[in-house]
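Per TrEMBL, these features apply:
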- G295, A296, T297, G298, Q299, G300, K301, S302: ATP binding site (BINDING)
- 278-463: domain 'FtsK' (DOMAIN)
Amino acid sequence: MSTVSLQQIMAARFRTSAHADSQTKQLMEVLGLSTKAAVARLAIGRSLSLGALPVEQVDAKGLEIPASSIFTQEDVAIWVGLILTHARVFGATAIDGMDTFRGFLRQHWHRGASLLYDDWKNSNEDFDSFISTLVKRRADLPDRPVGSGAAPRVKVEETPPTDQSNLLVRALAEIGVSAEVKGVLHGPRLSRYRVALRDVNQLDKLKRGLERLALAMSLQQHMPTLSAGDEARIVMIDVPRPRATWKSAGKQDLLDALKSVSPNGDQLVVCPGVDVIGKPLQFDLKSMPHLLVGGATGQGKSVCVHALLVSLIAKHSPASLRLALFDPKQVEFSVYANSRFLWQDKIAIGVPACREMIDDLVAEMDDRYRRLSELGVNNVGEAAKKGMHVPFIVACIDELADLVLQDRDIEQKIVRLAQLARAAGIHLILATQRPDAKTFSGLLRSNIPARIALTVQKASESQIILDDPGAEELLGAGDMIVKLSGTESSRAHGYFLSLADVESVVRK
Ligand SMILES: Nc1ncnc2c1ncn2[C@@H]1O[C@H](COP(=O)(O)OP(=O)(O)OP(=O)(O)O)[C@@H](O)[C@H]1O
């Protein structure tokens, strides 16, 4: 840190992530604080009391605030000392300049805001109990001696889920539905109650009353969902639980889910997550044949895309699969740099490079079509029987909007790929954080039948992604609705992969 002085830090401005920015604003209101900086100090302090920062990408899309409102001349040296010491004890990289300092501060703010927000939720949004949680918490100070071994993982305390059957029955009675709970199954984020209705004629009342049911159960803005049961008069009610009780499926769960899939097969099996009761969800991208992943910023789209790509890499070799990665925002795919799976051995970074790679992909498709017709076959599967072996190409575009809004010509080429590329063994995964008719036009929509929606802000955005509302009521953090052609849509929770997890599979 020798190259940066306290004066430079005080003259700088800092940003947190978009996600932490919105949590900071909410915490400001809750705590009656007048500046974001006051929450930032609490959040950074909260994070500094814990061990290693998670290896995750934290964007810098929050609003910028000056250092002079976070720190004062009197305490800046203490804060900087704490941040440097934390980085020295737990950081994988050293703080060697202003950029890395900014990165560490951003990550502490991001993690701390999220933990404070969880504290608020776990205090049932009650001001007094929230404050007493903050006051009473014993700092979980790092117990690792300076300079020893690998960074410890942050211990996430999981609260076991509680059975809310009695509350549910009372809440049902309040909306005029008389019922009995026959069983409960706690999934990763929701608890599934098997409920017997005394009178089937009350089903419509229950369907109409879900919002009031949420209110009666104090679920805040999160809605329970209803599905058909396995017997007469039985319905399933999935009730969202507080975040402290969630269990995330991770890399090992993803790899376990893929165990039944044969390697280098004639399939492109991808696993986005687990369903409401924790069962792995998987599908063959080859038969979809293209997929859109949409959701508001910070809701888990990138993590989801990584899970899809990791699924593919785990079951293929570079001889059977190549990834054409398009990164117009220049941030998302660096972990795949130098991977043997890259199509053309590079990632297309920035709009001009993406434009060029789209052209190359269209040329590759046309070339494959020419070779198919020479062999007198219709697709690469049949061609393989006649000795023409080509790898699948999965083209993944990180931010569709950044490409199509820049250049309508690119959109036409993507549409052409979506219409024709399947037979040539080329499949698309398109991601967008701006689900609207301008970026995901009717023509493109009709050719991208598989959809994954992460949390969005408005029902109209859910409608664009899924052709249905619902994604506006998801829980964030990788919560998703998966809609595949010809099947009912299903709720799932994404695998939570760190960049280190992704890297360990990519480097195989
Ligand atoms: N499956 C998951 N389980 C738990 N938390 C998750 C999961 N997926 C994402 N998150 C949380 O949400 C944060 C944002 O995820 P991610 O970076 O994938 O969002 P994004 O939608 O791609 O954001 P952006 O559009 O800004 O790039 C992560 O840092 C993590 O804290």
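Just so it is clear, glycine is given a Cβ too, placed from its N, Cα and C backbone atoms.
Of all the binding-site residues listed (T297, Q299), T297 has the fewest other CB atoms within 10 A of its CB.
With a cut-off of 6 Å between Cβ and the nearest atom of ligand 1, the binding-site residues A296, Q299, G300 reduce to Q299, G300. Same-chain residues that are not part of G295, A296, T297, G298, Q299, G300, K301, S302 yet have a Cβ within 8 Å of the Cβ center of the ATP site turn out to be Q433, L454, T455.
Less than 8 angstroms from the CB of K301 (ATP binding site) sit V293, G294, G295, A431, Q433, L454, each of them six or more residues away in the same chain. In the three-state DSSP classification, S302 (ATP binding site) falls within a helix.
Taking the binding-site residues G295, G300 in turn, the residue surrounded by the fewest other Cβ atoms inside 10 Å of its Cβ turns out to be G300. For S302 (ATP binding site), applying a Cβ distance below 8 Å and a minimum sequence separation of six or more within one chain yields Q57, E332, D398, A431.
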